[in-house]
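Note sheet for the following structure.
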Amino acid sequence: PFAEKLIRPTLSELHDELDKVISPQGCDDFSAVFWKIMKMSSTFLLQEPFEDGFANGDELTPAEEAAAKEAVEPKGVIKFGWIKGVLVRCMLNIWGVMLFIRMSWIVGQAGIGFSCVIVLMSMVVTTITGLSTSAIATNGFVRGGGAYYLISRSLGPEFGGSIGLIFAFANAVAVAMYVVGFAETVVELLKDADAIMLDEINDVRIIGVLTIVLLLGISVAGMEWEAKAQIFLLVILITAIFNYFIGTFINVEAKEPKGFLGYKAEIFLENIGPDFRGETFFSVFAIFFPAATGILAGANISGDLLDPQVAIPRGTLLAILITGLVYLGVAVTAGSCIVRDATGNSNDTISSQFQNCTDAACKLGYDFSSCKVTSDCKYGLQNDFQVMTMVSGFGPLITAGVFSATLSSALASLVSAPKVFQALCKDNIYPGLSFFAKGYGKNNEPLRGYVLTFIIGVAFILIAQLNAIAPIISNFFLASYALINFSVFHASLANSPGWRPSFKYYNMWVSLGGAVLCCVVMFVINWWAALLTNVIVLALYIYVSYKKPDVNWGSSTQALTYHQALTHSLQLSGVEDHIKNFRPQCLVMTGYPNSRPALLNLVHAFTKNVGLMICGHVRTTSRRPNFKELANEQIRYQRWLLKNETKAFYNPVFAEDLRQGTQCLLQAAGLGRLKPNTLVIGFKNNWQNGDMKDVETYVNMIHDAFDFQYGVVVLRLKEGLDVSHIQGQDELLSSQEKSSGMKDIVVSIDMSKDSDGDSSKPSSKATSAQNSPAIQKDKSPTLPLNMADQKLLEASQQFQKKQGKGTVDVWWLFDDGGLTLLIPYLLTNKKRWKECKIRVFIGGKINRIDHDRRAMATLLSKFRIDFSDITVLGDINTKPKKKNVAAFEEMIEPYKLREDDMEQEAAEKLKADEPWRITDNELELYKAKTNRQIRLNELLKEHSSTANLIVMSMPLARKGAVSSALYMSWFETLSKDLPPILLVRGNHQSVLTFYS
């Protein structure tokens, strides 16, 4: 019943009107339309939806989904339970050769007390890591990949990708380590039997290569065969352990000269304390701790577990407990019945009447002092690594246990490395490694990964000297443990609703302590290996961060970013504004972000890493708004901004007209203190040719901004700003689309019929899904550009380039709070504008030029603003040239009201209908201000015709007194035929201060 995949209906299918959901578009014939209608009818009319919105039968519960997945899985797939899949593997990996050939020596060095402390310290680290692993493993379904999967899905691809690679490599080299350990044991047996083939090193190589070939065959044969081999090896290992414990109770007289005297209080008391000989507590701890690793052996095959969420916590933690108890048992029993030094000579006995005994052996009838003096004792805890073989009931079983421990650990590593590596390659974190992602057979076996692991293993086996690489491998494992612990702390700190593991026995601070402990242990084991490990992890982290893999796993890094942003935004909302902390936070009316690149790039230049930038876009429509399309475009264009490394937010709104939409943005854009304080718009180049109602709207936008206490910035390029009318040009596509890697964004946006239209106004017609720039690429053939469009394209890209040596001319004609000075300062601090010098122009009188210049220089110095020159315009109040006045009169002629030529009532009606018209009274009242704009343009052409950018105080018009046509005429007259000019008017609140 679960074979058919059932899909959750979309919100639109449940919420939209039926005529929208059931559309014949896309159906080839009438029957297809009829079938679709019947399907929708059965879904929406015949079935009663649940309260949560799922139609009956259209959605599976998680349990049903799991059952469905199980039903459709191919037969023959091997899945393991928690015992065979996790417990067995972890115990085999933790019980290594250390148990049989080094644990007794550790007791001899550190004593029973400190040996137990060493074991318990190791158990603390591994238990905390096990708890963290359990928490991550129970926070949703776990796929294959083990430690890599757990870390990458928790902390993100940067940490996961870096640790996954070294973890897989560590497991591959660990195969060689365990195989060499096995081979060395075999060679020792051959040496005792005088059966060496060539020499000891080459024999290790030969036996090692043959062994790894055998292990590879078992692994490739399938997980079931590998699991059977592990069970067989575990039986041998457990038998060997019991053989040792049983042997401690069998007191054989022949073993006494070698230091085994049975359980005696004297031996226990003597061995309770340490007797370090050339070692320290931490050096002994460093030798033991690698034996405690291997707790991820079960998690590494998470993809082959029947229920990873149950198997990993239960199997891992129980394995840590059982193996820890065995290590403690060996430490206590060995220290209770074996002395530290013995000669092995049965004649070294003394009389029971001898009273000058100082050690346990002496008190028990043996005098081993002869070898102690010369430090050539061959037996005892301190000297004989084969003590457990000697003590055991049947010695060869201990040798079999050593074989079992080494082979099982090698087999587990040989399986783990390819599984982890395959998961890493599947995620395409490192594109060059995707070859190894392919799996074979029903179990998706990573055969290519097996071969690679085999090659790495053989390479290190042939070295035959792994003492140098062993500390690095241990540190690689510890780095993984540290990141697993940190993952739990990080996820808990982020307080994401998605972090809700069913395993509750963890604590974020304990996990953080575990991460710190792992790092400390790394340096305790080997400081240079720890440094090398950290350098490798950091290098891989930087590489993955730079490559920015296109994945979204909902990591705790993302959750913490949100949490911090929310916390800091709330904290910021309680902070009062201060002049020293002022930042230009700009609402930039770009329309579609890629339709006015010059406006976008210039504002981004002075807001990047300094202030907020919001790209406002008002979508006007006479029909019902398509909010779904708006939401899709918001996501798409925000992605476009990110791909183009533009630090800005895209904020589109639907409104009946441009002014209403801008008012919405002025009021609602931003969050708390992260709210715009400056409106940036492009100059309306086509104002003389378009509808004057649009001009009225444009001017009212400026008035609205001042009403909302915004500063206003207007950018004018003589070529224009809007490139959206240019269709399918390769140059534009190359500069804005290809460089960013975005293939789904079209630069050619038909938003306005006018080539140089209102720089913030979209087309009055709603953009349909078919011709939306963000939906599909323009497929019209490339046409040659006319001269005007060519110049427009070049001008639109001028702020993307590095500005050469030039000037930013600041015409500070009115004290608006200092915004006119602050923007050029921020701009020239950026890399692209670094070579431009600031020149300051101010108004003044001829007889006070030097005084005004010194005063301005002093003021700028107090403001800490560098400048190259200050020019005092003593002739600023000179009357403009007559030809320029005549040109102005000619420009405004079509916009005059001419009230003298009509009745008063008719004039008043016309003024009411067309409020943008200029009255004679208004013209006379503002004659001086008009002449000032004409004169300023003359001065601008004289002084700043070669500037890279002009930043100038914007003329201000009194609302209700100056008509839109006159105001736009001032703008036009002031800024025509000039380099790029930025007209700035702050909100008359100070943004600069003298004080620190």
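Using N, Cα and C of the backbone, Cβ positions are placed for all residues, glycine too.
Copied over from TrEMBL:
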{"type": "DOMAIN", "residues": "85-587", "note": "domain 'Amino acid permease/ SLC12A'"}
{"type": "DOMAIN", "residues": "596-996", "note": "domain 'SLC12A transporter C-terminal'"}
{"type": "REGION", "residues": "752-782", "note": "region 'Disordered'"}
{"type": "TRANSMEM", "residues": "82-101", "note": "transmembrane segment"}
{"type": "TRANSMEM", "residues": "113-142", "note": "transmembrane segment"}
{"type": "TRANSMEM", "residues": "162-183", "note": "transmembrane segment"}
{"type": "TRANSMEM", "residues": "204-223", "note": "transmembrane segment"}
{"type": "TRANSMEM", "residues": "229-250", "note": "transmembrane segment"}
{"type": "TRANSMEM", "residues": "281-303", "note": "transmembrane segment"}
{"type": "TRANSMEM", "residues": "315-339", "note": "transmembrane segment"}
{"type": "TRANSMEM", "residues": "447-466", "note": "transmembrane segment"}
{"type": "TRANSMEM", "residues": "472-493", "note": "transmembrane segment"}
{"type": "TRANSMEM", "residues": "505-523", "note": "transmembrane segment"}
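With a threshold of 8 Å between CB atoms, the same-chain residues lying at least 6 positions outside the transmembrane segment (162-183) that come near it are 96-97, 145-148, 151-152, 203-205, 207-208, 211-212, 215, 300, 402-403, 406-407, 409-410, 413-414, 416-418, 420-421, 423-424, 429-430, 452-453, 456-461, 463-464, 466, 469-470, 473, 476-477, 479-480, 483, 533, 536-541, 543-544. By the Cβ criterion (under 8 Å, sequence separation of 6 or more), the transmembrane segment (281-303) is in contact with the transmembrane segment (82-101), since 3+ such pairs are found. Taking every listed stretch (82-101, 113-142, 315-339) in turn, the largest tally of C-beta pairs under 8 A with the transmembrane segment (505-523) is reached by 113-142. Outside the transmembrane segment (82-101), and at least 6 residues removed from its termini, the chain residues within Cβ reach (under 8 Å) are 178, 181, 185, 227, 230-231, 233-234, 237, 240-241, 244, 288, 290-295, 297-299, 301, 304-307, 310-312, 314-316, 318-320, 322-323, 326-327, 330, 385-386, 388-389, 398, 401-402, 404-406, 408-409, 412-413.
Contact count against the transmembrane segment (447-466) (Cβ pairs under 8 Å) is highest for 204-223, out of 113-142, 204-223, 472-493. Residues 103, 106-107, 149-150, 153-154, 272-274, 281, 284-285, 288-289, 291-293, 295-296, 299, 302, 305, 308-309, 312-313, 316-317, 320, 324, 327-328, 331-332, 335, 481, 484-485, 487-488, 491, 498-503, 505-506, 510-511, 513-514, 517-518, 521 of the same chain lie 6+ residues outside the transmembrane segment (113-142) yet bring a C-beta within less than 8 angstroms of a C-beta in it.
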